[in-house]
């Protein structure tokens, strides 16, 4: 981006320019360690430290100005200092203005919910891409035609979002599709974005280390459907009790469900190991469809994507035809085993109680032998879901294999103990704290016809042990284990 004059930037954001020199601003930064000469440094509040405290480091890095809390004390700088009551909201507005309001130049679809966001956004992206250039922001990456960038968060922070959207506009994109997390909504990361289609997939237990309770979690998700963020239709899962509540609170809503009575639902759905087929019933008509996606939860994702793309004006027949060409998302019900293997191995990102339940329920009908579930729970995260996941694995699989996920700074053995507390007496799980060994053991001990589901990490290619991130990919580990299984004959 070329430099922008400070007065123009502040005026675009609705901030007072009086008593401030009109200087060139070369960029925006919220990290004092990465400030470049000429940047406007924005001191965001953190969970432990207020970013305003790092103004000396920002000045040392060449910051041309500071945006800090009106309550910050001891700031005596020779550069313009802009004090605001809400640094987080101001940051989002400054970012939008600096990048020339890119969200206004795209037709946006946003998807929120505990589970299903990634598959649903990829489905929407795939369907829209057939109509016009489309960008995607999500858990795996941010991408648009000719470009892909690895993601650090499900929804990036405000500066990064606006920069990504500006790059999409520059690349000629007409549509943008975004996973919108509850963290992002609570932290105003998507301020400045208004969505022509806003999707709610479901709400189940997760992130209670961040939100005080499920009601707070719901209210954060519901923000996406407020007039501040939504300019078009809401597409809401009516099979979810939180979705029913959400749909009743807003207008311009289409509901989707497995049952007739919703605005969008399937008729005569057939599930096979090769995918799903049936008929879509929608407010604009009916259409036969086939999809290579597997399982009932993927049918829900498909219905959500159909609703979103219909809301954006895409023709139903084009949508139905496009569904057959979407083969899935990396690390989501991803089959790692080959057709010559005598066992099936599936890697999936399921890391919540509901996600694990849906994964195992979707897999069970196609298993000839035993269903073996390798899983763990992340450290420094919601502890209450651990025994729930242990209980679900014991209930829905034939052999739970309890192991580590990302222990982070917690004792891995203590995490396993929390999981094991939910496994009923009489069930004998395999317990192996080392995830590599757990995967190897599960695959080597599986019998012909068994299916091994490795849950929790999906697309991730790392494991966090303490504060160290090491390379670790469930798919690679599974392929190595399969190779050893084949070599022993």
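The backbone N, Cα and C atoms fix where each Cβ goes, glycine too.
If you check Swiss-Prot, you get these features:
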- 113, 114, 115, 116, 117, 118, 119: ATP binding site (BINDING)
- 381, 405, 406, 407, 408, 456, 460: meso-2,6-diaminopimelate binding site (BINDING)
- 221: N6-carboxylysine (MOD_RES)
- 405-408: motif 'Meso-diaminopimelate recognition motif' (MOTIF)
For the recorded meso-2,6-diaminopimelate site formed by 381, 405, 406, 407, 408, 456, 460, name the remaining residues of the chain with Cβ within 8 Å of the site's Cβ center, in chain order.
351, 376, 377, 378, 379, 404, 457, 463, 464
I want the residues beyond 113, 114, 115, 116, 117, 118, 119 whose C-beta is within 8 angstroms of the mean position of the ATP site's C-beta atoms, in chain order.
111, 120, 179, 201, 202, 301
Counting by DSSP, what is the helix, strand and coil composition of the motif 'Meso-diaminopimelate recognition motif' (405-408)?
0 helix, 1 strand, 3 coil
Helix, strand or coil: which one is residue 118 (ATP binding site) in, per DSSP?
helix
Mind checking which of 221, 381 has the fewest other CB atoms within 10 A of its CB? They're the recorded positions.
381
Can you grab the distance from residue 117 (ATP binding site) over to the residue listed as 'N6-carboxylysine'? Cα atoms, rounded to a whole Å.
12
So what's the mean pLDDT when you look at the motif 'Meso-diaminopimelate recognition motif' (405-408)?
98
Pairwise Cα distance for residue 381 (meso-2,6-diaminopimelate binding site)/residue 114 (ATP binding site) [Å, integer]:
15
A 10 Å Cβ contact count, applied to the binding-site residues 117, 408: which residue has the minimum?
408
